[in-house]
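Notes to accompany the following structure.
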Amino acid sequence: MTDGTSPIARLAAAVGRWFALLVLLGAIVGLLIPGPAATLAPWVPLLLGVIMFGMGLTLRGRDFALVAKRPYAVIIGVIAQFVIMPLTAWLIGTLLGLPPELMVGMVLVGAAPGGTASNVIVYLAKGDVALSVTMTSVSTLLSPLFTPLLVLWLAGSALPVDAGGLLLSIVQVVLVPVVAGLLLRALAGRFVERLLPLLPLVSVTGIVLVVAAVVGANSSAVLGSGLLLVLAVVLHNSAGLALGYLAARLAGFTESARRAVSVEIGMQNSGLAASLATVHFTPLAALPAALFSVWHNISGALIATYWARKGAPRETVDTASSGEGGSKSGSPDSGVDTRPAGDDGPAEH
């Protein structure tokens with residue numbers, strides 16, 4: 001133990017690095033042994049609550065300070081988050097003729113806030129990490145309002161939508177755990193600092209179990225309509241990444257901020273979408289979220305590798321325009337590598 005870290009901390013770090021592969025393995029387990037995996041389905045909301053509590057533990061006041069320092073960048077990014085992904089989910093589902101349950105599942109993914117794994121991807125892509133963390137935090141806190149309304153608007157004609165029930169669920173499994181974690185960090189900072197290296201292990205384990213549960217409960221549907229749904233999920237994620245980058249470019253953001261907005265919009269809190277689908281709709285409605293959780297971590301890793309090879313954009317060092325999304329702090333922000341790797345966070349996520 002020459003580096004001074006505990007075996008559990010090293011295990012947590014390794015789990016965070018191999019997150020995408022572990023999520024894929026969770027989906028495979030759900031397909032191969034659907035019965036045992038499906039028994040985890042009732043625990044999905046609790047698992048998500050644990051993940052979101054972990055996210056709250058990683059947050060500090062400075063994660064929200066950017067709202068005051070660079071309001072234009074944050075507002076444009078969050079608006080794009082809640083416009084691009086819900087509308088593209090509805091459009092793709094309509095064009096592909098997805099059945100009502102899958103259409104609702106797609107819209108749930110689109111209407112979810114950004115996933116916490118996006119912060120790590122932005123870090124690896126040499127993007128504006130401060131903007132990424134703030135967008136994730138703000139969109140998560142706004143999700144109790146926007147997610148139910150967007151689902152009601154875009155998916156209400158496909159299946160009955162209980163917007164009030166969705167709001168209550170989001171408050172219970174997202175807002176309360178996040179605020180509780182944030183308060184604990186503020187009141188017992190030294191204690192929480194000791195826990196931070198372990199959070200990726202908890203977060204990744206939670207999202208892998210969520211994916212296994214959802215896939216296990218819908219194994220026959222995965223095999224029956226898998227290719228069409230995979231196409232829908234890939235198109236949805238790709239559209240989010242591309243349109244997010246385009247929106248940031250049109251808004252005059254620097255390259256580092258464009259990367260951050262692109263990843264933030266393309267990567268969703270699929271764990272929340274899966275939880276809401278499981279509780280308020282049919283198990284089939286959770287399937288798009290499970291597949292999205294697998295794919296967006298793969299695509300995120302690919303785009304991070306591409307941008308990393310291009311190198312850090314000059315704007316992250318030279319430019320910090322007062323109105324645009326560029327930042328002198330576009331270099332890695334402290335605390336990123338301790339944030340839960342799930343989406344959903346987690347990973348999610």
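Numbers run from 1 along the shown chain.
Glycine is treated like the rest: Cβ placed from N, Cα and C.
The compositional bias 'Basic and acidic residues' annotation in TrEMBL covers 340-349.
As annotated by TrEMBL, region 'Disordered' applies to 314-349.
Tertiary neighbourhood of the transmembrane segment (12-34): same-chain residues 5, 117, 120, 197-201, 204-205, 207-209, 211-217, 219, 222-223, 290-291, 293-294, 297-298, 300-301, 337, 341-342, 346-347, selected by CB-CB distance under 8 Å and a gap of 6+ residues from either end. Taken from TrEMBL, the feature transmembrane segment applies to 12-34 (among others).
Feature annotation from TrEMBL assigns transmembrane segment to 40-59 (among others).
Taken from TrEMBL, the feature transmembrane segment applies to 71-96 (among others).
Annotated transmembrane segment per TrEMBL: 102-124 (among others), in sequence order.
What TrEMBL lists as transmembrane segment is 131-154 (among others).
Marked as transmembrane segment by TrEMBL: 166-188 (among others).
Per TrEMBL, the feature transmembrane segment maps to 195-215 (among others).
Per TrEMBL, the feature transmembrane segment maps to 227-248 (among others). With a cut-off of 8 Å between Cβ atoms, the residues of this chain six or more beyond the transmembrane segment (227-248) that come close are 76-77, 80, 84-85, 88-89, 92-93, 96, 98, 102, 106, 109-110, 257-268, 287-288, 291-292, 295-296, 299, 303, 325.
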Contact set, same chain, for the transmembrane segment (71-96): CB under 8 Å, 6 or more residues outside the stretch: 102-103, 106-107, 109-114, 131, 134-135, 138-139, 142, 146, 150, 154-155, 228, 231-232, 235-236, 239-240, 243-244, 247-248, 251, 253, 257, 260-261, 264-265, 268, 323-325
Distant-in-sequence neighbours of the transmembrane segment (102-124), which means Cβ under 8 A and at least six residues beyond its ends: 16, 19, 55, 58, 81-82, 85-90, 92-94, 132-133, 135-136, 139-140, 142-143, 146-147, 150-151, 154-155, 158-159, 161, 174, 203, 225, 229, 232-233, 236, 259-260, 263-273, 276-277, 281, 284-289, 292, 296-297, 300-301, 303-305, 308, 332-333, 336-337, 339-349
